[in-house]
Amino acid sequence: MASFMKQLSLVLSFIALALAGCAVYQNTQTAMKDQLKVTPTWLDNTLKSTNLLSLGLGKPSGGKLGDEACVFSAVKEVVVAAINAEARMGASLIRLFFHDCFVDGCDAGLLLNDTATFTGEQTAAGNNNSVRGFAVIEQAKQNVKTQMPDMSVSCADILSIAARDSFEKFSGSTYTVTLGRKDARTANFTGANTQLVGPNENLTSQLTKFAAKGFNGTEMVALLGSHTIGFARCPLLCISTFINPARVSTLNCNCSGTVNATGLVGLDPTPTTWDQRYFSDVVNDQGLLFSDNELLKGNTTNAAVRRYRDAMGAFLTDFAAAMVKMSNLPPSPGVALEIRDVCSRVNANSVDPCEESRLLASPD
């Protein structure tokens, strides 16, 4: 009988992995490890806890859903660890996602290093010495490959998941990310210089650039609400056209002397807490960036700022919806696409494992 139960447990382990993915598989393995009896009651409870019964045991889509669940789990594992090690990383990953998708769609073009045939986007004005989190995305990519070697997931997908997980980690809210994006085989340095919104842009310019991507003024304000977390670097803030003049005296950057090159200033006074303080500051003329305070100059944007200041639920809902919309911005027509083996370069005939290890170990 004991031998039969052991065999049954092994069979259930493989069935569970194929049909329900990570959750049932891990529960089954725990039962085996702890030498629990695999009874009909135990199996029924396990299936119910993972919603397998609602999927239908015979549906072929169960395997795909399980695979995708494992992908999401593998990415979240890396993202959460990175944020736990450095809270600033959450805002950095959201910004990395935004700066990628806003230039020619979500194609991971921003992740590409310069090559002999093109200049990447990382040294464009809005990105240079600013965007970060590349190593986290590379590590998440490797974790997916390790845990799901037969699952091909693009760097663009991983970046989209990482941004969602960062939002979830800080806000406690979430939204759905679908898979299926592909990675560009080139980057657009010129596009990064012209399409991204800078901290010195007036309201008209901001609205024009967001409208070009299909976003209205309210959606723009919701997305800019991500400034509720994160920091700005002193070298940027010491550029007079980038900062709200009312905030100059609050900085500790030594802008009149030798600028504190490594100094950071919170985008709002609570830069590691997802709250409504950003909107309160904008209403009170205390937004850090020039572009932040411009939001009060339009009827629609002014109303949105005040609404989100007063209603966290509305802010979370609208931000999530705008992020879903952002994540679905398509690559430019005609751009060659692939699923990269390493996020920082286009595919070759093979990937040098030593080079891949070096890339994964390198700092941002």
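Quick reminder: no glycine exception, Cβ is built from N, Cα and C everywhere.
Taken from Swiss-Prot, the feature signal peptide applies to 1-20.
In the three-state DSSP scheme, Asp107 (Ca(2+) 1 binding site) is classed as coil. The number of other CB atoms found within 10 A of the CB of Asp107 (Ca(2+) 1 binding site), across every protein chain shown, is 29. The Ca(2+) 1 binding site feature in Swiss-Prot is assigned to Asp100, Val103, Gly105, Asp107; the stated evidence is sequence analysis.
Residues or ranges marked as N-linked glycosylation site in Swiss-Prot (evidence: sequence analysis): Asn113 (among others). Asn113 (N-linked glycosylation site) falls outside any helix or strand according to DSSP and counts as coil. The Cβ of Asn113 (N-linked glycosylation site) has 15 other Cβ atoms within 10 Å, all protein chains considered.
Look at Swiss-Prot and you will find Asn188 (among others) tagged as N-linked glycosylation site, backed by sequence analysis. Following the DSSP three-state reduction, the secondary structure of Asn188 (N-linked glycosylation site) is coil.
Feature annotation from Swiss-Prot assigns N-linked glycosylation site to Asn202 (among others). Residues within less than 8 Å, Cβ to Cβ, of Asn202 (N-linked glycosylation site) and separated from it by at least 6 positions along the same chain comprise Ser291, Glu294, Lys297.
Under the heading N-linked glycosylation site, Swiss-Prot lists Asn216 (among others). Same-chain residues at least 6 positions away in sequence with a Cβ under 8 Å from that of Asn216 (N-linked glycosylation site) are, in sequence order, Phe210, Thr300.
Per Swiss-Prot, heme b binding site is recorded for His227. All protein chains considered, the CB of His227 (heme b binding site) has 24 other CB atoms within 10 Å.
Every protein chain shown contributes to the tally, and the Cβ of Asn254 (N-linked glycosylation site) ends up with 12 other Cβ atoms within 10 Å. Reduced to three states, the DSSP call for Asn254 (N-linked glycosylation site) is coil. As annotated by Swiss-Prot, N-linked glycosylation site applies to Asn254 (among others), with the evidence given as sequence analysis.
The Cβ of Asn260 (N-linked glycosylation site) has 18 other Cβ atoms within 10 Å, all protein chains considered. The DSSP secondary structure for Asn260 (N-linked glycosylation site) is coil. Feature annotation from Swiss-Prot assigns N-linked glycosylation site to Asn260 (among others).
Annotation comment: Swiss-Prot describes Asn299 (among others) as N-linked glycosylation site. Of all the Cβ atoms in the protein chains shown, 8 others lie within 10 Å of the Cβ of Asn299 (N-linked glycosylation site).
Between the C-alpha atoms of Asn260 (N-linked glycosylation site) and His227 (heme b binding site), the distance comes to 22 Å. Note: the Ca(2+) 1 site is recorded as Asp100, Val103, Gly105, Asp107; in the same chain, Cys101, Phe102, Asp104, Cys106, Ala108, Gly109, Leu110, Ala156, Ala184, Asn188, Leu329, Pro331 also have Cβ atoms within 8 Å of that site's Cβ centroid. A C-beta separation below 8 Å, combined with a sequence spacing of at least six in one chain, links Asn188 (N-linked glycosylation site) to Val103, Asp104, Gly109, Glu121, Ser332. Taking the Cβ of Val103 (Ca(2+) 1 binding site) as centre and 10 Å as the limit, one finds 28 other Cβ atoms among all the protein chains shown. When the binding-site residues Asp100, Gly105 are compared by the number of other CB atoms within 10 angstroms of each CB, Gly105 has the fewest. In the three-state DSSP scheme, Asn299 (N-linked glycosylation site) is classed as helix.
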